[in-house]
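Q: Here it is, the structure in full.
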Amino acid sequence: MQKIETFWYFCLKHFKQELNGQQFNTWIKPLKLEICPDVENTLVLIAPNRFVLQWIKDNFVNRIDEMAQGHFNEKIHFKLELKDPAEIKTATIKAPEPKSKEDKKPPTDKAHGTTARKTNPSRLNPAFTFDAFVTGKANQLARAGAIQVAERPGIAYNPLFIYGGVGLGKTHLMHAVGNYVMELDAGAKIRYVHAEKYVSDVVSAYQHKSFDKFKLYYHSLDLLLVDDVQFFSGKNRTQEEFFYAFNALIEAHKQVIITSDCYPKEISGLEERLVSRFGWGLTVAIEPPELEMRVAILLKKAFIEKIELDESTAFFIAKYIRSNVRELEGALKRVLAYSRFTGHPISLDLAKEALKDLLAIQNRQISIENIQKTVADYYKIKVADMYSKKRVRAIARPRQVAMAIAKELTQLSLPDIGEAFGGRDHTTVLHAHRKIVELRASDPGINRDYSTLIHILRG
């Protein structure tokens with residue numbers, strides 16, 4: 001097999017064109033291809049950890065195999081292996097678990113937590129774990145990145161920057177990393193801090209002339225978790241202190257995880273030197289959950305809370321509550337409260353009754369005409385352009401955005417949506433939706449526009 005280097009170069013080139021940069025750098029670039037010394041006509045695909053290994057196995061190994069059969073003149077077999085033999089050999093997508101029983105901390109007292117957590121200096125929420133986090137297409141990359149960081153803090157991706165709308169699970173993932181690291185090392189110095197609290201700490205240090213104490217604490221952490229960093233906007237002294245803390249931790253190979261409601265470069269009032277450093281590691285987005293994921297979230301929440309919830313009721317709630325996980329869980333609590341108040345078990349009819357006011361508000365506010373006018377005004381085009389046959393990008397792209405939003409926010413069928421856009425067929429609507437999903441993953445500007453329009457329409 002003299003052409004192995006040529007073959008792997010061909011594979012990398014192919015996947016680089018097919019995937020966006022973030023996906024390619026996370027899943028494909030870390031792979032290595034070698035000839036198996038023990039088995040004839042066999043190539044070994046080496047992954048850096050078990051999560052990349054599982055993802056490649058699920059998504060790309062068959063594709064690579066097909067390309068190999070077309071490249072070589074002989075039948076080629078593939079083996080998947082981990083780079084470090086000491087790592088767990090079984091490819092699984094389960095949440096991280098302690099490496100051995102000896103590594104585990106004593107059982108947690110539910111009333112007080114473990115000895116290390118009685119005062120909870122870390123500010124971690126023990127309920128936010130990887131096991132409690134429901135995974136779907138909207139968040140799988142962010143979860144995979146968080147798990148890799150949890151297993152190799154300070155090494156895998158530093159910093160890890162997670163961005164997305166309110167209530168999508170950014171804080172949950174951040175706490176999950178902290179809880180996992182704490183589970184492995186009860187003595188680890190971990191601090192979760194909301195950006196507003198960090199600002200408050202800076203102000204307090206300024207007032208009491210205690211910056212030495214402030215720096216000693218934040219610069220000595222093993223894991224710093226900063227939530228909603230957009231609140232640093234315009235606060236120059238806070239940004240300066242965080243810049244020093246960030247540098248100190250990164251240089252010491254200590255992990256930093258940051259969340260924001262938008263892409264780092266879109267945070268106004270943030271110093272360029274911070275924006276640049278936020279891009280040193282891995283930046284991942286969390287999108288609003290798709291229908292199947294919303295159903296899974298409801299069923300998991302019901303299981304944890306010991307609530308009887310059948311799939312049809314969960315599907316009904318998930319179908320109409322689409323913005324974020326927080327509102328989804330809020331709707332479930334409302335249904336549960338109504339059930340307890342009336343003394344009737346949770347059912348589809350009860351859920352419809354409990355949520356009728358909420359659903360009426362949503363249905364009244366969002367119509368396809370409202371979507372078309374809002375999108376047209378936003379992009380400064382005519383509403384008539386939504387129905388026209390014009391294909392220039394300045395008109396076609398807003399039209400695709402409007403179709404995608406209509407699919408997400410209304411209950412209209414694809415043919416009905418197409419009819420509302422100048423008699424287009426359902427395949428045009430489906431193509432528009434898929435195109436916008438792709439662009440939101442690769443183009444921060446489109447993602448920002450889409451999120452802003454959703455926010456405007458939902459009021």
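We number each residue from 1, going along the chain as drawn.
Quick reminder: no glycine exception, Cβ is built from N, Cα and C everywhere.
Swiss-Prot feature annotations, pasted as is:
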| type | residues | note |
| --- | --- | --- |
| BINDING | GLY167, GLY169, LYS170, THR171 | ATP binding site |
| COMPBIAS | 96-112 | compositional bias 'Basic and acidic residues' |
| REGION | 1-74 | region 'Domain I, interacts with DnaA modulators' |
| REGION | 74-122 | region 'Domain II' |
| REGION | 91-123 | region 'Disordered' |
| REGION | 123-339 | region 'Domain III, AAA+ region' |
| REGION | 340-459 | region 'Domain IV, binds dsDNA' |
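Buried or exposed, and what's around them? Tell me for each listed feature.
A: Using a 10 Å radius centred on the Cβ of THR171 (ATP binding site) and all shown protein chains, the other Cβ atoms total 20. According to DSSP, THR171 (ATP binding site) sits within a helical segment.
Over the region 'Domain I, interacts with DnaA modulators' (1-74) the predicted model carries a mean pLDDT of 78.
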Q: Counting other Cβ atoms within 10 Å of each Cβ, which of the binding-site residues GLY167, GLY169 scores lowest?
A: GLY167
Q: When secondary structure is assigned with DSSP, how many helix, strand and coil residues does the region 'Domain IV, binds dsDNA' (340-459) contain?
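A: When I sort the residues of the region 'Domain IV, binds dsDNA' (340-459) into the three classes, I find 92 helix, 0 strand, 28 coil.
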Q: Write out the long-range same-chain contacts of LYS170 (ATP binding site), meaning residues 6 or more apart in sequence whose Cβ is under 8 Å from its Cβ.
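A: Listed in sequence order: ALA142, ILE162, TYR163, GLY164, ASP227, THR259, ILE286.
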Q: Go ahead and report the DSSP secondary structure tallies for the region 'Domain I, interacts with DnaA modulators' (1-74): helix first, then strand, then coil.
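A: Residue counts in helix, strand and coil order: 44 helix, 10 strand, 20 coil.
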